[in-house]
Number of protein chains: 2
Amino acid sequence: MGKDKGPSFNLKTPKGTKDWCGSDAILRDRIFTTIADVFKRHGGTALDTPVFELREILAGKYGEDSKLIYDLQDQGGEICSLRYDLTVPFARWLAMNPDVRNIKRYHIAKVYRRDQPAVSKGRMREFYQCDFDIAGTFDAMIPDAEVMRIVSEVFEELGWNGRYTIKINHRKILDGVFQVCGVPEDKIRPISSAVDKLDKMSWADVRKEMVEKGLDGAVADLIETYVMNKGGRELLNKLLQDERLTANASAKAGLDDMALMMDYLEAFNVLDKISFDMSLARGLDYYTGVIYEVVTEGSAPAVQSDAPEAEQLKKASKKGKSKNPEDEDRSDDPTLGVGSVAAGGRYDNLVGMFLPKAQIPCVGISFGVDRIFSITKARLEREQNAKSLRNSEVDVLVMAFGGKGFTGMLKERMDICQKLWSAGIKAEFSYKSKPKPQQQFKAAEDGGIPFGIIIGEDELAAGKVKIKEMGLDKDHPEKEGVEVELASLIPEIQARLAKKQGGSVVSLAQQLQGVQV
Amino acid sequence: MGKDKGPSFNLKTPKGTKDWCGSDAILRDRIFTTIADVFKRHGGTALDTPVFELREILAGKYGEDSKLIYDLQDQGGEICSLRYDLTVPFARWLAMNPDVRNIKRYHIAKVYRRDQPAVSKGRMREFYQCDFDIAGTFDAMIPDAEVMRIVSEVFEELGWNGRYTIKINHRKILDGVFQVCGVPEDKIRPISSAVDKLDKMSWADVRKEMVEKGLDGAVADLIETYVMNKGGRELLNKLLQDERLTANASAKAGLDDMALMMDYLEAFNVLDKISFDMSLARGLDYYTGVIYEVVTEGSAPAVQSDAPEAEQLKKASKKGKSKNPEDEDRSDDPTLGVGSVAAGGRYDNLVGMFLPKAQIPCVGISFGVDRIFSITKARLEREQNAKSLRNSEVDVLVMAFGGKGFTGMLKERMDICQKLWSAGIKAEFSYKSKPKPQQQFKAAEDGGIPFGIIIGEDELAAGKVKIKEMGLDKDHPEKEGVEVELASLIPEIQARLAKKQGGSVVSLAQQLQGVQV
């Protein structure tokens, strides 16, 4: 059927989408599992929403970016669109479930944006987000601090080993600073968005943009004295002594929040991962309190839409913008230019957009898995940890060898496989009834399968099989394999697998322990 | 922002879709993990394809059902549709990757069908499929038999404990039977589809349909002598001695395949799960070899589109169609009427539809997770295994109690929590700075959290904390909790968690062991 059609198909995936397979899919899956385990450890409840929503649910949530929403065709019935993020569906769910007044929910799923894709940078039209949010009315800053602790646990368990910074700031501090400096109310958002570019533009350029936006130069200069600061408790204490600032209600409220936050971060043992960065502003309008963004060492800032600019940045970084001597040989480092790897903040008014009487404060974080994937993969490749980049997780290949008149021992191989499977061991055998020895060895080598079980007719008749660890040095005592009783095959292979700490057993953190970015 | 709009939103999910949350999401996730673990154990490689495909990829694959495909709106650029199943995207991927000539791939993902939804029966427009397929040219029936072994492992690990049947048949046997009986070539498909209804219609009704389709009554009667048979090896041996049948090339090829299959199923120790059912035909045209369908005891046949008919069937089943005396009190059993829980077969020509020169034979299975979920949930509820139906997996709630002048010990609770998290223990604490004792106990009870860690100011100063197992009998020696050294808190709580075998540790099979359908 269909044979007469010929290859008239356009054999590709739609623009900005891709297939994930083999070692990439396995590694991404391990990243998901690692992140989900942290979410569950903190009491997270899984929420899964449909991939499309009624179009009116998404309307008016994304400002200019609404043009990037994928619409479903009107085929009769409801008008729907693919989800743009996981936050709006969460807020819709909260508004729909009035008995839920507080929840820690997590959601790992694909979202859709009709953006100009940049596949090499990992900017896709279909991509994964991993979100954790805490909804509910609680005492100030406690859930906010726990979200920071979650960020730290995720990156530690991904093996990043402290090599990341959580930049935090507070919308109320930022608003207070702008008010104190004399920014007119209607200019606060545009000026805020100019400040947000300080991670990829010089102050001079940002100042220029402010003035172009109609701000008085003197006001801009006053802003500089605040937003160029970053640090920890000492910066907070300096600001708390700034009487002009503390006289402003918004700034005072933000600074008090920040003081509480730092106390809690200390109790959670993550204060050393934090940088209080007064230039952090974040784009989305709906943030109302603390905001944060996670960057990793060596990662250049995110450049969203301009490829030549990214190139320039890479060059600038090579020319000595960074003092890290390792930068020189990193020009083709895929971890460069990936921007922030997680971001979020407090948004107390979003649920109210769906149901004004159900004002539920929320705070959350979204992990950018595609960027985390690129960095983690590059690290593993640098470590030449080939085992972790296998296509499947098979631990044992069951092989049969024999001389003249060899039957192939197919059913015997099947029988040993079923015993291994019943014991939960990942095992394969050749689908040929009479496979050649070299074919079987090649399959084990090609697949990076760590162990072979070799059966022969005489040996099996005597109740014995051979276990052979692949890839041993030629003078290793077990190079040629070890003969064991068939009756004790399962514990024998289990012991060797446990000792080997195979790829499927070791955590990402263990694999990457001590690996430098 | 948006506050002036009021609640003009239609607060719902699109028709035929739903949110999954809490204990349902956890249980479904555990079913996915159980199934994926079996797939990996057999060397499965994960493949993840985009949720939408170019529309031309899906065209001409689903016959009449093509009208059920969701189309994306033409917003400029490519014309796309949501995937309808996972098989066609897999065939597209194989055709796109000419270096892959053989692979075991699995895929767990949502598919989309604009069908009339029947939410109470679990027929949704967005639903999950869990597919495992083996592609490649191998010696006959070896991968086919491994797929049957996979089916058996999945249901055993889901705790079904043998209470399911894998019905198998072979397209070539069926075609041969029709030819031998004298069915004209152009009537073979419609007659085959009539035979397929024998699991929900009497022979008399099926015969009537055949005659209405223009078949000679005598031919129909001859068909009856074949298709009403079901059994195992003895049936196969009987057919192999039927000279009229073995003289037919198609039937002979199918019977030889089936003989090989049974040998291999015996070696894989799953022959006892199989019923060779000559009435099984399966709808899809693309099957070319062995076909199979898994049913569970007590589950009525699938009724696709007619609710009254389903009611009738339930009544028929109650009236004694089945001899199982337990049927009487099962009229509201959600596991009734769910039909097959997994199905599949061999399809050797599908990849060729995309790339005629790349003929890659395939065999696979698709698990219907929504149906499996309904049955598993009903079993757990019948067992009143409440712990497994919790909303989150938290094992420990850290609480503080104190008398007059009690500070709430917030940072102390935070500190103990972070120690627990660092040890990988799932823990929570109240987000109030001064929570009341009864509030904290209630939170532990409501959440089904098995352990409390109770701290008090004097005790903590003396380096001690109390571990309290929730829900102990009032005369249990540890009812009031056990005081332990703070320094040994982690191993103390880990030991208790291991002993308790909490919900997150026990496999579904263990939880459901011995539970009757």
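Note that the numbers count up from 1, one per residue, in the order the chain is shown.
Every residue, even glycine, has its Cβ placed from backbone N, Cα and C.
Look at TrEMBL and you will find B:27-406 tagged as domain 'Aminoacyl-transfer RNA synthetases class-II family profile'.
Sequence annotations record features per position, and here TrEMBL assigns L-histidine binding site to B:Asp85, B:Leu86, B:Thr87, B:Arg113, B:Gln129, B:Asp133, B:Arg282, B:Tyr286, B:Tyr287. B:Gln129 (L-histidine binding site) carries a strand DSSP state (E or B). Counting Cβ atoms from all protein chains shown, B:Gln129 (L-histidine binding site) has 18 others lying within 10 Å of its own Cβ.
Residues or ranges marked as region 'Disordered' in TrEMBL: B:303-338.
Model confidence over the domain 'Aminoacyl-transfer RNA synthetases class-II family profile' (B:27-406) stands at 86, taken as the mean pLDDT rounded to a whole number. Summary for the binding-site residues B:Arg282, B:Tyr287: the Cβ-based neighbour count within 10 Å is maximal at B:Tyr287. Non-local contacts of B:Asp85 (L-histidine binding site) by the CB criterion (under 8 A, 6+ apart in sequence, same chain) comprise B:Val111, B:Gln129, B:Ser366. Around the Cβ of B:Thr87 (L-histidine binding site), 23 further Cβ atoms fall within 10 Å across all displayed protein chains. According to DSSP, B:Asp85 (L-histidine binding site) is assigned to coil rather than to any helix or strand.
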